[in-house]
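Marked as domain 'Peptidase C39' by TrEMBL: 4-125. According to TrEMBL, the domain 'ABC transmembrane type-1' annotation covers 162-440. Look at TrEMBL and you will find 162-184, 196-220, 268-292, 298-315 tagged as transmembrane segment.
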Amino acid sequence: MPAHETHADPLLDCLVQLTNLHGKPYTAQALSNGLPLVDQRLTPSLLARAAARAQFSTRIVQRGLDDVPQGLLPAILILHGDRACLLLRALESGRFLLQYPESESPVEVEAQALLQDYAGLMCFVRPQFRFEPRSVQQGMEPRSSHWFWAVILENRRLYRDALLAAVLINVFALAMPLFSMNVYDRVVPNNAVETLWVLAIGISLVLIFNFVLTTTRAYVVDAASKRVDVQLSAQIMERVLDLRMESRPASVGSFAANLRSFESVRDFIASASLTTLVDLPFVLLFLVAIAWVSPWMLIPPVVAIAAILLVSFWAQARMESLTLKTFQASSQRNALLVESLTNLEAVKTLNAQSGVQRLWESSTQYIAYMGGKIKFISSGTVNFVQTLQQLVTIAVVVIGVYQVQDASLSMGGIIAASMIAGRCLAPFGQVAGLMMQFHNARTSLNSIDNYMKMPVEHEAEREFVSRPDLRGAIEFRNGVVA
């Protein structure tokens, strides 16, 4: 048993052997080229990315060697000492048939000896099903996964947890208005001190749970955004390094600026404004609560929401064009900066400092002008929403006074309705900032998406022939040169 022999990259060699076993041979260089190897070795965290190049799916689990389904074999076992081997099958005699990268043929190993070397990680690597081009009708090709949304879907469980937390947070938001209404309508008139303490303890528990859920939601969104950021950044850089030389952009500075704009996408998926987007659908819940208190009090928030949506759509149309122009101008200015620094000697030799300075200042002035217009629209929308929130509170109180005079509403109902109305319009206060971040992120995403569609040297749809043993035994006989 070659358990103590050293090998350059056992995990990578196991993956190469596994591709050979499945009839889809790939070389070690084709699987690992461009990956961020650690000490020139493939790590378990990079195994999935290397296997994906050969159209293999990977799942790494922590489990024992008992009752491994034969249909999932061969599998890669991670051993102690940064070693690995292939588990081909379990034999009836309690032994295992293994394939070590150091040996050319399988060996039988006792279960006890393998357990001493086994680190507890098992990697199931299976070939993905691929449609042959000749079997797919034109116009009916299966849709390939998008590089951005595929990563988002991989982390959908984290976003699902954040959504569930948002549901409970918005339900708990109704507790305080209901607490105030019951205190004013039932506790104060009847001097029910015992009921007061019961309600106070209950609302305190709700507030504690709300604090825990809010903190948990922020942590989950942050964890998801970090994971997405790492995966997408690695994918973008890997794609850039694999670009064909004839397809590389003419302006390196503009190319770098567009890639750097990915930060706006990262900031959007990690910002607190994203939680505002999740809270918007729950506005309907608060409207139903207001209607339960008094249907007449539903009029002010509904009118305010309609006005906010109209102003937001107008601002969205204006900000979309302004954001695109600002993005293009920023890319152009960054291209000027990078190319000027790269060719500084030529700029000085040709005495072109004046022209470069003029282009720089004109670009800066244009970006500042466009940025001022964007901020004016954004701040104007925010101020409009805040003013409407105050007007809605006034309108709800006025309507409530008339209903109290008609004995159709209580004093606690006015307080509860005004509190719920304020909570109902709270998410719209961040709509302007959310729209500005959204447009920046969408513009950046579209720009990067164009680069991700450029031809690369190793297309995922292509299968490359593995020829590890090339011999230069070529002869030219009976040739005639015209």
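Here the Cβ of each residue, glycine as well, is placed from N, Cα and C on the backbone.
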What stretch in 162-184, 196-220, 268-292 has the biggest tally of Cβ pairs under 8 Å against the transmembrane segment (298-315)?
268-292
Should anything in the same chain at least six residues away from the transmembrane segment (196-220) have a Cβ under 8 Å from its Cβ atoms, list it; otherwise answer none.
158-159, 161-162, 165-166, 168-169, 172-173, 175-176, 179, 182-183, 187, 272, 275
If you average pLDDT over the domain 'Peptidase C39' (4-125), what do you get?
82
